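**Student:** If you look up TrEMBL, you'll see Glu184 marked as active site, proton donor. Residues annotated as active site, proton acceptor in TrEMBL: Glu378. For Asp51, His91, Asp99, Lys293, His298, Thr340, Asn379, Ala380, Arg418, the entry in TrEMBL reads substrate binding site.
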Amino acid sequence: MAANLLANYVQVNVMLPLDAVSVDNKFEKGDEIRAQLRKLREAGVDGVMVDVWWGLVEGEAPGAYDWDAYRQLFGAVRDAGLKLQAIMSFHQCGGNVGDVVNIPIPRWVRDVGEGDPDIFYTNRGGARNVEYLTLGVDDQPLFHGRTAIQMYADYMKSFRENMAEFLDAGVIVDIEVGLGPAGEMRYPSYPQSQGWVFPGIGEFICYDKYLEADFKAEAAKAGHPEWELPDDAGEYNDTPEKTQFFADNGTYVTEKGKFFLTWYSNKLIKHGDKILDEANKVFLGCRVQLAIKISGIHWWYRVPNHAAELTAGYYNLDNRDGYRTIARMLTRHRACVNFTCAEMRDSEQSSEAKSAPEELVQQVLSAGWREGLNVACENALGRYDATAYNTILRNARPTGINKNGPPEHKLFGFTYLRLSDELLEGQNYSTFKTFVKRMHANLDHNSNVDPLEPLKRSKPEMPIGKILQAAYPKLEPFPFDENTDLPV
């Protein structure tokens, strides 16, 4: 019976504070974090997740990596008996929801941008976004002779060499590869730093000279040299119907609009594919899984144009599955998809935003499961209440516990956002402990659940046509119960 129940066990990780390593790359809060890690271990938590900031480690000069603070932190995690999920954070910390510290990308990279500001994502008005390099420079050797992808690959190589003891000992089990702002595979379409306010539709962010040249070349190849990037898609805080692009029967359903949206979303998929291929080469043979994060853009989900998803690069419509295409690309690397907003209920959202987080979660998880992937989740906002925990539990095992073996579908893992003193106090802590126990199917902590095989080489590159076949037909999500069978 216990073995059957174990097949229902969902691992729980907790995201460490953004400044677990300080802004000057020191492990200053050692005593405090060690005490917090002990309390997580007492609560039965399986592991922790941490941002490994590029801006700190390679901050001084190209190829000069300082891993000392992270080695101290990882040692503390190991000593607490916890596993570790490491995020390769190639983005800036600061300018997004919940960012309490500011860690820009390396100074010497930003210096390149002084002479060539087009290395940064750019909106139609010309505003640059310095959170993450535009995917337009993925293959441009602009950074002291290296391309963006070579910089990311070199960083991961150095990580592997310097963290070998933690990789070999099975402490590090997950490498989440940052692919955009906030570490998410998306365009920075809704930056708070530039005045975006929920539930604005955001903007297309592809007006740097590199992406613009790429689009013009592709349009010419398709026999339409006259096509330009959209000029009718509005601004960050518009509603869809205020724009020509997203209006009913607007540009997005025309031949030109479909061509643009396909190009825009395909660039993002190829960006993820190329960097995951580099990560796979670096971590070959390690007992880790690669993962990426997809952003939970639940606003305007209930309107036919899905405007906020489209501007972020997710070409998802009522009749087109924009997440299963991403999942299909990930099958090449056997990578895990990590999705957010697992705690949200539709009933908690304002009606004006046409928001549907529950349907979105169900669509994305189903897309991952249909492609045979491990699927993980996070909460988007810090919550300590039973409603949020019970929603996560329902999404973790959509049809509940199976006493005879594995449930038809379950999350591979869940990461709670975020470790704080508040989480570890009083009623919050006791509710959280109950939640962890329920995620574990009421079993005690078990460190041998879902053991990882050594990473094998990625399969050959998949033609984009094969990836895009996953967009149609858009299937109904798998059934999800209304409520969990193991509430906290």
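Note: Cβ is positioned from N, Cα and C throughout, glycine not excepted.
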**Student:** Within 10 Å of the Cβ of the residue listed as 'active site, proton donor', how many other Cβ atoms are there?
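**Tutor:** The answer is 24.
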**Student:** Between the Cα atoms of His298 (substrate binding site) and the residue listed as 'active site, proton acceptor', what distance do you get, rounded to the nearest Å?
**Tutor:** 14
**Student:** I'd like to know which of the binding-site residues His298, Arg418 has the most other Cβ atoms within 10 Å of its Cβ.
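**Tutor:** Neighbour-count leader: His298.
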**Student:** Take the Cβ of the residue listed as 'active site, proton acceptor' and count every other Cβ within 10 Å, whichever protein chain it belongs to.
**Tutor:** 22
**Student:** Where Asn379 (substrate binding site) and the residue listed as 'active site, proton donor' are concerned, what is their Cα separation in Å, rounded?
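**Tutor:** Distance (Cα to Cα, whole Å): 14 Å.
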**Student:** Can you give me the Cα-Cα distance between Asp99 (substrate binding site) and the residue listed as 'active site, proton donor' in Å, rounded to a whole number?
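**Tutor:** Distance between the two Cα atoms comes out at 14 Å.
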**Student:** Please state how far apart, in Å and to a whole number, the two most distant Cα atoms are among Asp51, His91, Asp99, Lys293, His298, Thr340, Asn379, Ala380, Arg418, the recorded substrate-binding residues.
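**Tutor:** For the residues that bind substrate, the greatest Cα distance is 24 Å.
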**Student:** If you count the C-beta atoms lying within 10 Å of each candidate's C-beta, which of the binding-site residues Asp51, Asp99 ends up with the smallest number?
**Tutor:** Asp99
